[in-house]
Amino acid sequence: MKVLGIESSCDETACAIVEDGKRIISNVVATQIPFHQIYKGVVPEIASRKHAEWILPVVRQALSEAKMTLSEVDAIAATNRPGLMGSLLVGLTFGKTLAWSCNKPFLAVNHMLGHMYAAHLENDISYPYLGLLVSGGHSIIAKVNGFDDLEILGTTIDDSVGEAFDKVAKYYDLGYPGGVIIDGLAKKGDSHAYSFPVPKLDKGDHRYDVSFSGLKTAVIHQSQMFLNKGFEPSVENLAASFQETACRTLVGRLMRAVEDTGLKTVVAGGGVAANSRLRAMLAEHTDLNCIFPPLKLCGDNGAMIAGVAYHFLKRGDRSGWNTTACARIPQFKRGLANLEAFGRR
Ligand code: KG4
Ligand code: ZN
């Protein structure tokens, strides 16, 4: 079965065609980065307008690269949450309209399920495993029992890890988006140059939770040290030290989950899964089977949406024409019904 997947939750207008939830036939990602760069962050109004402008050409290009017509597609899927409301509505409404007009099944897909699925597009991975979902909006450690069955073990109590990368980069005027820039600068820096705090969060409920707000503040305060103590500022050292601490925070919590659950397979997903230090740090754990999506599937793309939708489709699920978008998914907390968080039908 061939599914056309649309993704428009943030600043990429994307469409892909995937066969049987595995084989990527085409995968088009039109990035809006140059339009947001001058503002050093995503401007929601610009994002929605660009999606509205690009969605049709992007879908057409995905079909043309696949050498397919719409009639050869078995179902249409689109992200409906979480994300920027205006952006989500463009892709969702486009997807529903397309499906309705050609009488195809429509599937709405949770963006985070998409990120968790990305590694499955190129790999046969069996459940259960530990999922590390790290993006601009989320930082989640979960026990993953199936494509739409995530038991949340831990999450961030404040900023997401991607947000911390972006905010540090913005403060030091390193460029946008911050993650990939810091990753690049860090390669030339000394990760021991500055010492930043790893959050404790050791008490009961927070065993697998992470926090990045304190780290972000400490990195920002470092600029005062440069001024007050006459330190030679080095953005490379700063980037390396920050990145090292952020990755250590994530990996430390993940290892607790490994010990407690006995699960030896770890699958990462989301934009921050592209981070080279995170990949290297996990690779040091040779007793684990750590699986990362290829770089092109870490960021937002339509293939991960089509991949998840295939499994809904196979199970007989369909989304109604009244399916709406949702900017947020309920705060992830251990014990909170996944049904609610992930929209299992
Ligand atoms: O998954 P994604 O494309 O969008 C969301 O769903 O949020 O993730 C975007 C986030 C941004 O915060 C970006 O700075 C971060 O992923 N990112 C990285 C890297 N590449 C992208 N963070 C660290 N290292 C990278 N190489
Ligand atoms: Zn994303």
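Each residue, glycine too, has its Cβ placed from N, Cα and C.
Note that TrEMBL annotation is computational and uncurated.
In this model, the domain 'Gcp-like' (24-306) carries an average pLDDT of 95. Summarising the annotation, TrEMBL assigns domain 'Gcp-like' to 24-306.
Here TrEMBL flags HIS111, HIS115, ASP300 as Fe cation binding site. All protein chains considered, the CB of HIS111 (Fe cation binding site) has 26 other CB atoms within 10 Å.
According to TrEMBL, the substrate binding site annotation covers LEU133, VAL134, SER135, GLY136, GLY137, ASP166, GLY179, ASP183, ASN275. Cβ-based neighbour count (10 Å, all protein chains) for GLY137 (substrate binding site) stands at 21.
With LEU133, VAL134, SER135, GLY136, GLY137, ASP166, GLY179, ASP183, ASN275 listed as the residues that bind substrate, the site has a largest C-alpha separation of 18 Å. Neighbour density for GLY179 (substrate binding site): within 10 A of its CB lie 27 other CB atoms from the protein chains shown. Here ASP300 (Fe cation binding site) comes close to GLU7, SER9, CYS10, ASP11, GLU12, ALA14, VAL29, HIS111, GLY271: these same-chain residues lie at least six apart in sequence, with C-beta atoms under 8 angstroms from its C-beta. GLY179 (substrate binding site) and HIS115 (Fe cation binding site) have their C-alpha atoms 17 Å apart, to the nearest angstrom. Recorded residues ASN275 (substrate binding site) and HIS115 (Fe cation binding site) have their alpha carbons 15 Å apart, per Cα-Cα distance. Neighbour count (other Cβ atoms within 10 Å of the Cβ, all protein chains): 26 for ASN275 (substrate binding site).
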